[in-house]
Amino acid sequence: MAKQGSKEKKGYPELKEVIKATCKIRVGPGKETLTEGNCLWALKTIDFIFEDLKTEPWTITKMYTVWDRLKGLTPEETSKREFASLQATLACIMCSQMGMKPETVQAAKGIISMKEGLQENKEAKGEKVEQLYPNLEKHREVYPIVNLQAGGRSWKAVESVVFQQLQTVAMQHGLVSEDFERQLAYYATTWTSKDILEVLVMMPGNRAQKELIQGKLNEEAERWVRQNPPGPNVLTVDQIMGVGQTNQQASQANMDQARQICLQWVITALRSVRHMSHRPGNPMLVKQKNTESYEDFIARLLEAIDAEPVMDPIKTYLKVTLSYTNASTDCQKQMDRTLGTRVQQATVEEKMQACRDVGSEGFKMQLLAQALRPQGKAGHKGVNQKCYNCGKPGHLARQCRQGIICHHCGKRGHMQKDCRQKKQQGKQQEGATCGAVRAPYVVTEAPPKIEIKVGTRWKKLLVDTGADKTIVTSHDMSGIPKGRIILQGIGGIIEGEKWEQVHLQYKDKMIKGTIVVLATSPVEVLGRDNMRELGIGLIMANLEEKKIPSTRVRLKEGCKGPHIAQWPLTQEKLEGLKEIVDRLEKEGKVGRAPPHWTCNTPIFCIKKKSGKWRMLIDFRELNKQTEDLAEAQLGLPHPGGLQRKKHVTILDIGDAYFTIPLYEPYRQYTCFTMLSPNNLGPCVRYYWKVLPQGWKLSPAVYQFTMQKILRGWIEEHPMIQFGIYMDDIYIGSDLGLEEHRGIVNELASYIAQYGFMLPEDKRQEGYPAKWLGFELHPEKWKFQKHTLPEITEGPITLNKLQKLVGDLVWRQSLIGKSIPNILKLMEGDRALQSERYIESIHVREWEACRQKLKEMEGNYYDEEKDIYGQLDWGNKAIEYIVFQEKGKPLWVNVVHSIKNLSQAQQIIKAAQKLTQEVIIRTGKIPWILLPGREEDWILELQMGNINWMPSFWSCYKGSVRWKKRNVIAEVVPGPTYYTDGGKKNGRGSLGYIASTGEKFRIHEEGTNQQLELRAIEEACKQGPEKMNIVTDSRYAYEFMLRNWDEEVIRNPIQARIMELVHNKEKIGVHWVPGHKGIPQNEEIDRYISEIFLAKEGRGILQKRAEDAGYDLICPQEISIPAGQVKRIAIDLKINLKKDQWAMIGTKSSFANKGVFVQGGIIDSGYQGTIQVVIYNSNNKEVVIPQGRKFAQLILMPLIHEELKPWGETRKTERGEQGFGSTGMYWIENIPLAEEEHNKWHQDAVSLHLEFGIPRTAAEDIVQQCDVCQENKMPSTLRGSNKRGIDHWQVDYTHYEDKIILVWVETNSGLIYAERVKGETGQEFRVQTMKWYAMFAPKSLQSDNGPAFVAESTQLLMKYLGIEHTTGIPWNPQSQALVERTHQTLKNTLEKLIPMFNAFESALAGTLITLNIKRKGGLGTSPMDIFIFNKEQQRIQQQSKSKQEKIRFCYYRTRKRGHPGEWQGPTQVLWGGDGAIVVKDRGTDRYLVIANKDVKFIPPPKEIQKE
C-alpha cells in the first residue's frame, strides 16, 4: 500500500548527493543496497527523537552530536532491532558525508568506531594542552570566529566542507532560493562581513542576479546613510561592509552589530531578487518568442528593465546582457555572424539593426541561397554586395543610410511585416482576425466625447455606457442638491454630491436630469441615466482597438443550408419583430441579405412579462447541417477547487455574443425573412453578422474567442486566481486592495480594446460574491439559495417532482444525502402531468436534505495540504466527503447504487468518481479512506472482485451496518438442519433433513449455487428462533458468514435469506465436505437424489391413502355447449417415476350428469402440462365452476413386455389399416390438418407426417381444397444440375409487374426470395450481402446475366470467399433447380396472396410454406435438412480439431540431473512451449516433463494400420 507524502516537509536538499552515495552501500554480502527510503526514514526518525536539533541543517557536527546522543539511549526490548538499523543507517550517511565510500553497512560502522577511537585520543591530548595552557578555551562554536577564555577572539578561515555545502545548495536550488538563504543565515551568524560578501561572490549563479544583489546592497547602503547621519557612535557603511578591515579586526566583539546588519542586508537583497524573479515583468523572464520579431522583444525587455527599481548601471548591464542571452536562436546566430566577438559589448541599437530582418521570408530565402551558393575565392568576397533595403551595391542593409523602407508600399519608416496596406488586403481565412461588429454610423477609435450643456456651461463629456451616473468635476449650482452620494467602482468607494433637476442640452434636445459632482474625477462622464433621455446611443462593439479573432465554422459535407419558409405571423408580432430587427440593424448586428443568398430560417417572437417582445429563431435545421466544434469548456467550475483569497471581484461581460463577429463565409446560411403584411410589398431579408442566440455553436465560438483574447493577459498575471465561465468572470488575489482593483481595472481596459465592456451594475467587489449559483464568503462558500421548498403529503405531478429533485441534485455537493424513496416515486408513467402521492417517508427524506443544506458550508482548497476523500454507505447509495481538515469539507456527493455490482465494487466506483472530481478541481490525487479493514480490501483485489484501487488509500472503521449480528460459525442450542441442493439426475432438486425428523424436498430449476441457497432458505423458513444449518457448499457457507448489508444484495435469494436471518435470534452455520462419509450429509444427498413423484402448480389435491386417484381442479369457469368437446389446460405439471404411468379418468359425480373425460394417458417420465378433454353428452350447455373437482389422476405401475410374432395362421378382424379402439385417435387431428392446410396449402405428404393422419385422408384434404385444384403444379418437371451442401442457385423471376430474386440451396431445397427494385448489379450485390449474412454459403451457380457477371459482383464473390460459376441463360440443364423453384414459388404465392394485404407478406408466407411446412419422405422439411447439415459440419469440425489435439509420447524423468529409462507410450494431457504434462500410471501423479525428455509418436490406431 502506497502512502502519499506531505508537502509540509520539503526533504533534505543539503543531503541529496549524500543520500545518493549512501544508496550504493550494500546491506550484506549480497547485491541488496540501502534505498533512499531507508535514509529518509532514519533522518525523520532522528528529527522526531531530538526535536531540539530538528531545525538545524545536517552538518557533520550535527551528525556527531546525534551519534553521541544515540549511544546514550537504551531501546526497549521490542525495538532493539529497529534501533540497530537506525544506528547502522546513520553510520552510512556519516561516511558518505565525510567523502568515504564503504562497501557494506558493517564497514561503515567500523569506520565510525575507528573515528570515535581517534576522537577519544584527541580529547585526551586536549586535556593535556589545557593543563599547560589554562587560558585557552576549548571551543564548540561554528568557525571562523573563536572565543577565548581570556576574553579575546581569534579568526579562522571558513571550513571547506561548509563552503562546499553552500555551493551545492546554490547549484541545486539557486542563489536566491529559500534553501540557500536558510543555510547562509545559519552559518554566517559568526562570520565577518568580509567573509559573507566574499562567499556570496564565489557562489555559482546567474551574473545578472549577482548584479541585482549588488544593486540592492547599494540601495541599502544609501538608505543607511540617509537615515543615520555621521556621529561618534554611528557605524559607517565601510564598517558594516568590512571595507579596510582585516579579518582579525572584524572578529572583535564591538563589530558584532556591523556583521549582523551586513547579514540582514544580504538576506534582504536575496529576498528582493527572488521576488523579482517570480513576479511577471521580471526582465530575466522576458524571452523572445518563436514568432516574435526582435524589435517587439526588445520593446518588452526595455519596458521590463525600466520598471525595475535598480540603479542605472544595473539597468545598462541588464539591457546589454539580456538583449543577447534572452533572444531567440536565430537572432543569436545573426548577431554572432554580424557583430562577431563584440556581440556581448554591442549596444541594443546595433543588435536591433543586425536582427531587423530575422524571421522574414526574404531572410529565410537569403539563408537558403547562402547555403546553396558554391564556395568562391577569398579575393572576390564582398565585390557583389548589395543592400537588401535600397537595392544599391556596395553595402549591406544594416549599413544603409536611407533608413527602413517598406518593400510592400515603398514608404519609409516601417517594415513590410508592419505595413497596414498589406494587412487590409485579402479575405479573411480561418484564424484570421476581424473587427468587432460595426454600425452603419461613425466609427471612433476610442469612446467619443460630445458637447453637453450642463446647467449654464457647455462641457465635453465622455460617452460611457458602463457608467450608471453622469459625473462632472464642477457645477454652477443650478438644480436641486440632494446631499452626498457614495459611488462604488473599480477604484473603490468614493463620495460625491448629487444634484437633481439639472438642465441638460444635447443639440436641440433638452431634459431635466441628475448629475454627480466629483472634483477628483479624472474625466467627466455622460452616464446611462441621461443618455437614453437625450437619445444618445453607443454601440459597444465599435470601441475596439484590437481585432477579435475569428473562428471558422462551416456546414457538413453535402449540406446546402436551411430552406424553411417563414410561417405566417400576426400583425402584432410582425410589428414587435420589426422594432427589434430595426434596432439590430442600426447596431450593426444584422445586415440586409443579397438576393442570391437563398437560405432561410423561421423567426417568431413572444411577449415577456414586462410587455416587451422577445425575438426567437428556429435554428433546428441549421444546427443539424452545421459541423460541430470541440467543446471548449467541459464543465462548470466548482468553488471547492478555489483557493482562499483576500479579495475577489465578480465581473459580467455585457452583450457577449453580440460583440463577437460571425465567420463571414458562413453568414449566408443565417438569413431570415421579415414578412410584409397582406403582401403589400416585398419581404425584407436579413442575415446575422454576430453570434446569434439559439445557434448551437455560439457558446463554443464565444469560449474559444475569449480563450484566445485572455490567454496572454492571464499568463502575465500569475499571482491572481482567474476563472471564466461564459460571460461570468472571477478574479481572486492576496494582493493589497488597491493593487487588486488595479488589476481588475487593467482587465477592463484590456478587453475594452476588443469591444467588450464590463457593466458597473453587474460588478461585485468583495465578499459575499454571487458567482454561477454559488455564494462566496471569505472562509467558506454555499449556494445562493440556502433553502429547499417544503413538500407535504398528498398528490404531486411528475413535472413538479422533477423540478424539486433537480433543485436538490444541483445542491448535492453540500447535502450529500441519498433520496432513494423519492427517486423510486418518479418511476412509472412518464407523462409530465401524471400524479404521484407524497407519503410521510418521502417528507422525512426531504426534510433531512433541507436541514443538511441549512447546516452545511463548503470550504476552499489549500494547495499546501493533502486532500482526503472518505466514503461511507448511505441509504441505498454511497456518500462521500472531500476534505483537508476534519469537519471542514470542500464538498460532498452521493453515488446511487448500481445494479448487479457488489458492495465493494460500488464503493470502488464511487472512489473512482471522487478521485476524478478532485483531480479535475484541484489537480491533486486524493488520499482515499475506505470503510472496513485493509485485509478485506486486499482480499477483494486478489480474488478479482475489484480490478482498481486508489493510488493512496487506507481504511477506517466506517458506519455500523448490522444492527444485530446473529450468524455465527459455532454450535447454538436448537435443532440442526442438513441442507443440500443441485442438479440430481438431470433435474434440479433441493431439500433438508432436520434432527427433529422433519424432511422436505422439491424439484426446482436453477444453478447448483442457487439451489444450495434455496435449500438454506427453506430451512430458515421452517426453523425456530435458534437453529443450526449444515451445508456442503463452501459458497453458501461463506455467504452466510460475510458481513453483508441487506441493501446491497442484488441476488433475490440472498436478499430473502438475509430478511429471514434478521428475524432469528441466533443461527449457527457449519460446513462439511461433500461425499466424505458423514452420515447425515450423505442421507440428505440420497434423499433429494431419489426420483420422486413431484408436482408443480395448484391444479391437484393431495389424496388419502385409500383413495384411487388424485382430484384435479378446474382452473376457471368453463362452459361446454351441448354435444361438444373441450380441452381444458389445468395448473399442473407432474414428474412421474420411471416405473409409473398415469391415466386421467372421469369422476363418478360428473358421469352421472353426462359429462365424461376422453382419453388421457400420461407416459412414464412425462414432465409437461396436464390437459383434460371433456365431452358433454347432454342436449344442453354444461358449466363447470372454478375450483370444482372435475377429473382424477390415477397412477398405475408400468408393465413392459417384448412383442412376439403372432404367427402366419392368425387372423385379425381389425382390417389392414389396424383401425381399432386405440387407432382412431387420429380422427381428432383431421380438423386441425384442414385448418392448417387452409393457412399454408401444403401437400398431402406434409399433412400426413405432421398430424399423423393416414395418407389417403391427407390426399382427400388437398383434393377438396379449391385453391389447390385451381393452381396445380405440372406433373413432370425436368432438368437437374450439380447438387451439394451449401451450394446455391440464383436467378430473377417475374410475378405480374414485380421482380423477385430467388435463391435455392441445391441439397436441402431451402428457398430464399426477396422482392427487388430492378435487375441491376448494385441491387444484386446488396441482396448478396443479406443472403450471405443469413446462410454462410460456399458456392453459387447463376446464368450469364449482366448483374451476375459484372466485375464488381465478381470482386464481391472473391471477397466473401464464394465460388461463383455461371451457365447459359434459360438453359434448363444449367439452371434446372432454380427454374423449377420459380414455378413452385409462384404457384404457392398465388394461393397465399388473397390472405395477405401486402405482397411482401405473401412472399414471406410462401417461404414459410415451402421451407417449414413442406415435409419430405422422411418427415423433414428443407429447413430441417439445412439446419441438420450445418450442425453436422460443426460436429465434424469439432471432432477433427479434437483428434488433432490428441498426442502420444514416450517420456523419461530425471533424478539429480541424470535421465532415467523411457516410459510409455502415454497420452499428452497438456502441451506448452517448453514442456508437457502427462500422468504417471505407476504413481497416479501428474508430471511436468521438459521437451528434451519427450519423444512424440503417432496415435496408437495409426500404428495398428501400419
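Using the three backbone atoms N, Cα and C, a Cβ is placed for every residue, glycine included.
The DNA-binding region annotation in Swiss-Prot covers 1447-1499.
The feature active site, protease is assigned by Swiss-Prot to Asp464.
Look at Swiss-Prot and you will find Asp652, Asp727, Asp728 tagged as Mg(2+) 1 binding site, backed by sequence analysis. Remark: Asp727 (Mg(2+) 1 binding site) has Asp652, Ile653, Gly654, Ala656 as non-local neighbours, by Cβ distance under 8 Å and separation of at least 6 in sequence.
Taken as a whole, the domain 'Reverse transcriptase' (587-776) shows an average pLDDT of 85 in this prediction. The domain 'Reverse transcriptase' annotation in Swiss-Prot covers 587-776 and rests on sequence analysis.
Here Swiss-Prot flags 971-1093 as domain 'RNase H type-1', drawing on sequence analysis.
Here Swiss-Prot flags 1270-1430 as domain 'Integrase catalytic'.
The zinc finger feature in Swiss-Prot is assigned to 385-402 (among others); the stated evidence is sequence analysis.
Annotated zinc finger per Swiss-Prot: 404-421 (among others), in sequence order.
Secondary structure of the zinc finger (1228-1269), assigned with DSSP and counted as helix (H, G, I), strand (E, B) and coil, comes to 34 helix, 0 strand, 8 coil. Taken from Swiss-Prot, the feature zinc finger applies to 1228-1269 (among others).
The Cβ of Asp728 (Mg(2+) 1 binding site) has Ile650, Leu651, Asp652, Trp771, Leu772 as same-chain neighbours under 8 Å, each 6 or more residues away in sequence. According to DSSP, the DNA-binding region (1447-1499) comprises 3 helix, 31 strand, 19 coil. Other residues of the chain with a Cβ within 8 Å of the Cβ centroid of Asp652, Asp727, Asp728, the Mg(2+) 1 site, are Leu651, Ile653, Ala656, Tyr725, Met726, Ile729, Lys762.
The DSSP secondary structure for Asp728 (Mg(2+) 1 binding site) is strand.
For the recorded site, Asp652 (Mg(2+) 1 binding site), the DSSP three-state label reads strand. Across the range of the domain 'RNase H type-1' (971-1093), the DSSP-based residue counts are 48 helix, 34 strand, 41 coil.
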